[in-house]
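Taken from TrEMBL, the feature S-adenosyl-L-methionine binding site applies to H51, L53, G78, E99, D127, N142. Feature annotation from TrEMBL assigns compositional bias 'Polar residues' to 1-17. The domain 'Ribosomal RNA adenine methylase transferase N-terminal' annotation in TrEMBL covers 58-227. TrEMBL lists 1-36 with the feature region 'Disordered'.
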Amino acid sequence: MPKATTSTFRTAPTSAASRPKKNGESSSSGAGGAAGGARNHLFDTARFGQHILTNPLVAQGIVDKANLKPTDIVLEVGPGTGNLTVRILAACRKVVAVEMDPRMAAEVQKRVLGKPEQKKLEVMIGDFVKADLPYFDVCISNTPYQISSPLVFKLLSHRPIPRCAVLMFQREFALRLVAPAGTKLWGRLAANVQLYARVEHIMKVGKGNFRPPPQVESSVVRIMPRDPPPPVKFEEFDGLNRVIFSRMNKTVRANFKAKGVAELAERNYKTWCAEQGIIIEDGFDIREKIDNILLEAGYADDRAAKMDVDDLLKLLAAFNVAGM
């Protein structure tokens with residue numbers, strides 16, 4: 001797997017007949033010159049699992065929703081052949097595009113070759129998930145669907161905090177991101193993301209806007225990270241959510257009684273006590289302690305499916321006060 005670098009890729013693409021086969025990460029990336037039919041014969045998109053965005057109105061709509069400023073540096077993930085890239089370049093100071101496929105990277109460069117926009121474009125070739133990201137104000141992505149979750153959390157953990165991200169996802173994933181508490185799609189993903197950002201669904205994108213058409217519908221969401229972020233340790237918040245969302249329609253008390261949960265909680269509590277110099281009394285029962293915390297916090301008989309982010313934070317605080 002190639003390492004992401006900050007060097008600009010300038011190699012011209014070879015012909016389709018002579019191009020060597022390479023393994024690459026699939027990308028539903030933007031493009032401007034897709035051929036007719038179900039396949040893109042120039043780039044063999046079927047082999048790479050790529051779906052080229054061909055509707056210029058959708059591409060421009062995505063850029064417009066980012067509310068770019070002339071001074072912005074934009075991070076684009078999965079630029080493909082540049083259908084989104086050229087529109088972003090027209091509205092900002094610089095674009096840093098991260099692309100896994102060197103063929104696509106070459107095509108992006110080709111789109112701006114000899115134009116003023118060429119100086120505004122920097123291409124990083126490699127795996128976005130493993131890349132060290134530079135400073136950026138806004139992220140725009142026609143996201144490779146298999147990195148949807150890693151991409152979201154990498155953006156939320158990036159510092160300095162970006163102003164916003166406008167991201168294309170598989171529609172089911174997008175709806176799970178924006179789901180409010182108490183709805184069918186509310187869950188651990190929505191809770192974790194909505195703790196650190198405001199998320200809104202801004203556009204549906206049908207299968208017919210891609211070539212080849214994907215098997216699923218797509219949606220565009222806008223993520224606006226909270227700045228400053230809440231003073232909560234993500235590992236603790238996610239750990240709590242992992243327990244109570246494992247069976248969303250069971251009570252919180254029942255989920256903490258699940259196999260292995262009490263044992264893990266006891267190990268963590270004993271570690272904390274050792275660090276604090278606290279002696280654990282004989283006959284200590286972690287299950288009784290957990291039950292008391294849940295009862296005192298008032299969430300023992302609640303269900304995760306109905307608990308919002310504020311409820312989850314209050315429950316986490318109750319555990320923290322008790323040293324858990």
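From the backbone N, Cα and C atoms, a Cβ is placed for every residue, glycine too.
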Neighbour-count leader, CB within 10 A, binding-site residues: E99, D127: E99
Overall pLDDT of the domain 'Ribosomal RNA adenine methylase transferase N-terminal' (58-227), taken as the mean: 95
